[in-house]
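K.L.:
Encoded as structure tokens, here's the structure I'll be asking about.
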């Protein structure tokens, strides 16, 4: 470490403009600026700082005034600190961070990230840099890592030089401004902010961004290191103004407490008389211990509000800045000595120690002589000048055994120092233990949250299962009710069927009895008629008068009976004729509908088979067409690439010919000059033989040089040709890949359009099938109505049959009583019976035909439903295939983009490898840390206008 030097803390004062709330409130602008270093608040005293920045100061001007010099100092091996102090909503975060990615409004931290690398790019190429960054916040007086949110209570320890540091904080190695900005974005996203009455984005914690830079000269092995603390303090708050409550109020308490501890440290350092500085009252002051009164160049930016509403806080902030301006820091370069330098320093200290020992011996001898009462002459005494020249640089006494009191005090002081050291060590151990317990508590808390989430998800799943079980139970109950209803209906149908069967049997037996009785009566009637005719023949002559009267009576009765029978038959014939006509029409309609359904099914099967054949042919043709198109596109791409390659080669050939011509011209000039020299030297050949020999040697050297130039030119030409061939090969591969991907994309688009058209066709077919299903349902309903009509007509027939049987029984009885009038009535009754039996037989046939047709339609129904389900499944399969095709297209597009990015990275890396040499930024590889960009090599950034290249000579 170099010799220390004393410097003061720089204090910059920045006033923000009035915000909208203050303008609407009508607040007065109270600061008055006098020059660049003085500001007056109202009618009060002037406040003088290193620089006063008015509201119209740009972010770039703030950076140039506050931070630009510190960046240079850090790169020269010094420590640096920049932090913003002020009340809430005074512009601290805007000053330190601003808008991170806005070139005009970005603050000090992002500008430093770019400026550091700009300085490195302009430094010596023999320098190698290691840059690592950390980002943490102090929230509720606990150190929380913003790059690893699981570390919530980190401890502050001291290294071997008694410099505080945060133990266990995440460190990221960076090699470019973009990586630094990525770290800042990541940490900023994890920082605590809240909304108050004074600020919409109020910082609820102190954030510290630490940049650690180590540089090494690879030739001289000189090593320098510097740390840069960039601190964004949370603002002091008045609860009456911010309206904080709840958790925000607790945060405000801790913020004010830590800022009060910072004020106490500043006051103690400003007074300069206190032996104890309360660094340990707050973790923030403990971390900034080296920045306040230690080995660090520190700049404080005090941010103030210009509003009269915040006048008291503004004056308090200005007083804080004036106190801080009086603090002196002792800074020195953080230099790591080499072995040779340590050896020289050891020899120097050894010589100094030897001189001090000789002085000590002379003084002891002189003291003994004085004690023995001997007077020592002045020329033998050691003068004060000699003592001063031989004193060590520190003011420790040379003679430490003058009085035993000094030894006792030193021993007691060492004892106290050891005790303080042990207490500090115990405190650090307690901090470690608290940190471990906090991390364990956080892990347990996270596990509890995970268990709660798991329990909640289990509870949700249980509720879903319960709902599903309830729904299934309800459906089961409904199904049971339906089954019961169906069984009940079947039982009722069975009972009705048994009843109807019993009734039919009863009616059949009654009909048979009536038929037997009718046959008996007919036989009896025939016998009686025969006997009557015999009796009439026998008594014809005797009863002629009676016979004529009887014949007249029979004739009248026959006419009356015929008239009655004819009317009955005619009425019955009309009724039965209407029923038969309706049954015939229904039978014809059902048979016609059945034939149409069968023809439609056959037509649909034919169309499906034809469509499948056409689809197969079309798919085969499309595959052949796609293959041909791919082949044609590949050939066209190759032809185009070869044409471009030939053009490039022609241009390069012309360039080489031009260069060859220029070289030939130069060679001709040299030969002409050589000939001129030979002609000029021929006259003086004898006199200047020695000079000619020298000329021959020069000529040989020139020819050798030309030959070496020719060989170098040839090598360079071959190398350029190899590079051109390699680049052309890469370009051809990229073009071929691009052509293939474009063709694949076009093929996928065409497949998508085809699938879409097929989907539309399937929807049309599905609509047709649904329409056909509706027609079938309508036919089923019509058939049910027809069956009901047939049942009613059968019931009517049964009723008519009963009436007919009753009427027949009545007439038979009458015919028995009226023997003479039975002939005509018997014929009419037989005619009625035969007609009714024929109608009954026809109705039975029609009923059976309707039942058969209904059964056929019911058999066709499952087939049609199966085809409908198959069509729906086919539609779903087409939809899933379409979705899968879209996903494949997206994956191919992503893969193509990744391949293009990879090729771009490879080309960029090759281009960067040709850049000029400058200072390097090495990025070591650490076990357990995933790399941010390339995992294969260590990145090194080169300055002097260069880019980044790969450096594999240093890995950790």
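Even glycines carry a Cβ here, placed using N, Cα and C.
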K.L.:
Which stretch, out of 769-815, 910-956, is listed as region 'Disordered' by Swiss-Prot?
P.N.:
910-956
K.L.:
Annotation phosphothreonine in Swiss-Prot: match it to one of 396, 403, please.
P.N.:
403
K.L.:
Among 87, 89, 90, 91, 92, 93, 94, 99, the annotated ATP contacts, find the widest CA pair distance and round it to a whole Å.
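P.N.:
For the residues that bind ATP, the greatest Cα distance is 20 Å.
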K.L.:
Summarise the region 'Microtubule-binding' (174-315) by DSSP state, stating how many residues are helix, strand and coil.
P.N.:
58 helix, 37 strand, 47 coil
K.L.:
Kindly assign residue 87 (ATP binding site) to one of the three DSSP-derived states: helix, strand or coil.
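P.N.:
Its secondary structure by DSSP: strand.
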K.L.:
Look at the binding-site residues 92, 94, 99 and tell me which residue has the greatest number of other C-beta atoms within 10 angstroms of its C-beta.
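P.N.:
The residue with the densest Cβ neighbourhood is 92.
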K.L.:
Quick one: what's DSSP say for residue 94 (ATP binding site), helix, strand or coil?
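P.N.:
Note: residue 94 (ATP binding site) is helical by DSSP.
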K.L.:
How many neighbouring Cβ atoms, not counting its own, are there within 10 Å of the Cβ of residue 91 (ATP binding site)?
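P.N.:
There are 23 such Cβ atoms around residue 91 (ATP binding site).
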